[in-house]
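A.B. asks: After the structure tokens below, expect a handful of questions from me.
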Amino acid sequence: MVNLTIDNRQVTAPKTATIYEAAEMNGIKIPILCHDKKLKPFGACRMCLVEVEQMKGRQIPACTTPVTEGMIIHTATPDIIKARKMVLELLLLNHPIDCPVCDKGGDCDLQNLTYDYQVNGNRFTDEKFHHQIDYNNPLIERDMNRCILCGKCARICDEIVSFGALTFIDRGIETKIGCEFDGALNCEFCGSCVSVCPVGSLLARPFKFKARFWSLTKQKTVCGYCGTGCNLTLGVKDNKVLTTIYDQEQGFHKGQLCVRGRFGYQFINSEKRLTKPMLRKNGTLVAVGWDEALDFVVGKLKGGNVAALSTARLTNEEFVLFKKVMELSGSKDFDHSAGYAHSALTEGFARSFGTTASPATIPDIQKSNFLLVIKSDAYETHPVAGFEINMAVKNKGVVLNILSDKHGKLGKLPGAKTLLHVPGSEIALVNALSKVILDGKKAAGIASSVVGYSQLEQSLSDCSVEAVAATCGVSVNDIIELANDYSAAEKALIVFPVGLAYPGHNAELASAIANLAILAGKIGSEGSGVLCMSEKNNSQGAVDMGFYPSQDGKNAQQILDGCASGTVKTLFIAGENPVVSYPDRTKTAAALDKVDCLIVSELFLSETAAMADVVLPACSFAEKEGTFTAADRRVQHIKPAIRKIGLSRSDFEIFGVLISRLGGEVPVSSATVFSEIASNTSGYAGMSYAALGESGAFAPVDIKPAFVDVKAPGQTRQAGKLALLTGSSLYHCGTMSQYGEGPMHVCPEGYLEISRKDAANNKISENDLLTVTSASGSVQLKARITPRMSEGVVFTPYHFSSASVNQAWNGTEVTWVTLNK
Amino acid sequence: MNPITPIINGLKITLSHLFKKPVTLQYPDERPNVAQRYRGLHALNVSHNKAKCVACYLCPTVCPAKCITVEAGEDANHDKYAEKYEIDMLRCIFCGYCVEACPVDAIRMTGQFELANFSREDFVFTKERLLEKK
């Protein structure tokens, strides 16, 4: 820490701080336009000029000057104020003063400073710019006439998003922000540039002209898409969520969001939302009152042979109540997300770590020295966690290694190494890494005392690195090098995504990875561990609340089999759309068709809801109170941003009524249910809504490591066929994002990524409609030829109802398909 | 004092008024001269055959009676215009702040003061009704 004087106040600041940061830490405001907490100092705007006595009264920029011991700084002398006024005059010289029609008005840094410094006229005259405005982009509108060239957009796109879509182009007075060759913007559309723009140059097009900033009610909440658990601020007006608002103080990610978080909110106020309960009468669904619908549901639940499937998007409190409903109905058969999506946690980690949670957190990514990412999709499933990886690699020099069956964006980071393997061979590869560590006597000292060490040694004794290398398509040297680097790193973290579309990421892979981490001793300390990135916003919560089958209960697949065979009479589905998202559409749809009574509580009339006997309109995350548990077990409190839509009720209310009708004890409020959770869930002790506050709290993970013998599955390569991988698209999450206009503007339909070689071999060109046929069925998808796929491997995201991939995909790790035009 | 005197004084004043110009108007046969700065019914100014209003929302923001509803839209040139502009005259207090707040001189107040009507709906003045008559 250094001591310095700012405006006659004695303050202290860390050695690495700049004058601007030191002032901000001590509550002294210095005006600035080109600074953001997350970005490196740039010094473009010259608004933050201050005087330092030791520098003979010269005016220097506060944002780029580091503090030194004994500095005496003045931030607002008459000379400085005069200089700042001139800076503003010069900025306003070319800036069109179109505040009345600019959506940034009210939230504009330039407008606020102009007002603060009372710049009412201009001594200079110059012509305004006449750059062409980009109205064509569906998400980001670019008006470079308003730009003040602070460079924040270009820097955030480069430093954090690592895409580099925007940069300074042209020279001198003509300099402007643009894309390569001044072309159209075609990027990830995360909107980070929009969020940091201090003026109205970059605007969110979906929010264009919708409302003025000051008329919005700002409600802080947690994003309802993936398991990263990003904090959001929703801008609400007239009971409508109109936009998301940037707040650089919010969350571990400092307000940074991805495309679905920032632009995918439209599903909340979608016109397709269900507003009335519906009951099937004479074959068609007709709107009925709640009493009639619930009478019907209660009657069926009392009838016995009940099972339940749930989405992982309910709140923790709702999971507890849903479980109670099932208990009162005398059923032990309930599950979420097709079973395998969370088996990595509930079975794999339960065996290996003695707990059903990841022994690492997302902030550990930046504190680590070595990252091993299994499947490059970690960026696509959890983009904001991907930004953390970007920053770790670029700013902190973290070594990044990727073990994947296709190339991805993470592999383009400086120094990143991608080991491309044959699809479905992750477990064999991870076992081979363990083997190398064992053979090289590089295992951590404590590893030999862990339960199951000798069995692991024995089971790995017949594992040959050369054989694995040959079958996985990776060189022996690469495997040995990776294993040695991993064990040699001081702190090392393994990240892998799990979810509906990642059937190979199951209990076995989790245990294999856990073995590797325990063996190398990379567990239990800051910056080390294994991070299992669960897919949905409350997947970890569903597991923590125990919403998965116990020993004698049926899992999702067995429940569907039960429906087909008639042992399950009533199926209650909350928020899930198995027809589109579960593997093998034909089988799933047939099972749902067969079951006597299908109860669905949903936001939309999804494919599954359309088959139901009774449909209950539920609430989205923006309309209810509760808690979500992120992938790294960060428990966060959400509050309603808008009133409920139509006659819809939250699942909490629906389950509450059902519990009372089934003779159970009715919960008073979600707060009381949460206090119940806090008292009987490990790690949640001491939590309450008040204690969680805005930032939430981590539920600590207590691990008891054990080695588990994992056998790699045999290769099932089929000659002449291509390996179909399923996964997540960057713009979507689950099937809910289909109702968000933002994601649908960018990625409206399914596609099939195919390598150039395969495309050439099969004479396929871009956008050709292909029939993808597997043993279980076929689906039509448009071809997208990319360099990121290797020969013999094709990839498709699973989110879309219009061409649902599960017609051809049956839930095995790799589906072998043929392509026809 | 003689009790009759005040009565006579009063009658004098009354009689004198018989020969003065009357203060009242024979409304509606006679129309008042409305002052230039009178704050009556609003009108939306027109320029180049369209309303000058750019839907900046400053008038609904400043309105103390919250009687103005604006909804912005995007026209063919991607410019902002008021898709909906309504004033609820039952709520309006004719303070004139909207005129003062307008950055583009799009709204003014006319001398029109006859605002009585038969139903509540008729007091909601839509953009069509507010547009300046040529």
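Glycine is treated like the rest: Cβ placed from N, Cα and C.
TrEMBL labels come from automatic prediction, so no person has curated them.
Worth saying up front: this structure is predicted, and the values here are computed from it rather than measured.
The annotation domain '4Fe-4S ferredoxin-type' is assigned in TrEMBL to B:44-73, B:83-112. Per TrEMBL, the feature [4Fe-4S] cluster 1 binding site maps to B:Cys53, B:Cys56, B:Cys59, B:Cys102. Marked as [4Fe-4S] cluster 2 binding site by TrEMBL: B:Cys63, B:Cys92, B:Cys95, B:Cys98.
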A.B. asks: When the pLDDT values for the domain '4Fe-4S ferredoxin-type' (B:83-112) are averaged, what is the result?
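C.D. replies: PLDDT averaged over the stretch: 95.
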A.B. asks: Look at the binding-site residues B:Cys53, B:Cys92, B:Cys95, B:Cys102 and tell me which residue has the greatest number of other C-beta atoms within 10 angstroms of its C-beta.
C.D. replies: B:Cys53
A.B. asks: For B:Cys102 ([4Fe-4S] cluster 1 binding site) and B:Cys95 ([4Fe-4S] cluster 2 binding site), determine the Cα separation and express it in whole Å.
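C.D. replies: Counting only the Cα atoms, the answer is 14 Å.
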A.B. asks: How many helix, strand and coil residues does the domain '4Fe-4S ferredoxin-type' (B:83-112) contain under DSSP?
C.D. replies: 5 helix, 9 strand, 16 coil
A.B. asks: Filter the binding-site residues B:Cys53, B:Cys59, B:Cys63, B:Cys95, B:Cys98, B:Cys102 down to the ones with a Cβ under 8 Å from chain A's Cβ atoms, keeping sequence order.
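C.D. replies: Of B:Cys53, B:Cys59, B:Cys63, B:Cys95, B:Cys98, B:Cys102, none lie near chain A.
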A.B. asks: Summarise the domain '4Fe-4S ferredoxin-type' (B:44-73) by DSSP state, stating how many residues are helix, strand and coil.
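C.D. replies: Result for the domain '4Fe-4S ferredoxin-type' (B:44-73), in helix, strand, coil order: 5 helix, 11 strand, 14 coil.
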A.B. asks: When you tally the Cβ atoms that lie within 10 Å of each candidate's Cβ, which of the binding-site residues (B:Cys63, B:Cys98) has the highest tally?
C.D. replies: B:Cys98
A.B. asks: Mind giving me a neighbour count for B:Cys59 ([4Fe-4S] cluster 1 binding site)? Other Cβ atoms within 10 Å of its Cβ, every protein chain shown.
C.D. replies: 24
A.B. asks: If you compare CA-to-CA distances from B:Cys95 ([4Fe-4S] cluster 2 binding site) to each of the binding-site residues B:Cys53, B:Cys56, B:Cys59, which comes out shortest?
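C.D. replies: Smallest Cα separation from B:Cys95 ([4Fe-4S] cluster 2 binding site) among B:Cys53, B:Cys56, B:Cys59: B:Cys59.
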A.B. asks: Going by C-alpha distance, which of the binding-site residues B:Cys53, B:Cys56, B:Cys59 is nearest to B:Cys98 ([4Fe-4S] cluster 2 binding site)?
C.D. replies: B:Cys59
A.B. asks: What other residues of the same chain, not counting B:Cys63, B:Cys92, B:Cys95, B:Cys98, have a CB atom within 8 A of the CB centroid of the [4Fe-4S] cluster 2 site?
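C.D. replies: Residues close to the [4Fe-4S] cluster 2 site, other than B:Cys63, B:Cys92, B:Cys95, B:Cys98: B:Cys59, B:Val62, B:Pro64, B:Ala65, B:Cys67, B:Ile68, B:Ile87, B:Ile93, B:Phe94, B:Gly96, B:Tyr97.
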A.B. asks: Looking at Cβ-Cβ distances, which residues of the chain lie under 8 angstroms from B:Cys56 ([4Fe-4S] cluster 1 binding site) while being 6 or more apart from it?
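C.D. replies: B:Cys56 ([4Fe-4S] cluster 1 binding site) has long-range Cβ partners B:Lys80, B:Pro103, B:Val104.
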A.B. asks: Can you tell me how far the Cα of B:Cys92 ([4Fe-4S] cluster 2 binding site) sits from the Cα of B:Cys53 ([4Fe-4S] cluster 1 binding site), in Å?
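C.D. replies: Between the alpha carbons of B:Cys92 ([4Fe-4S] cluster 2 binding site) and B:Cys53 ([4Fe-4S] cluster 1 binding site) there are 19 Å.
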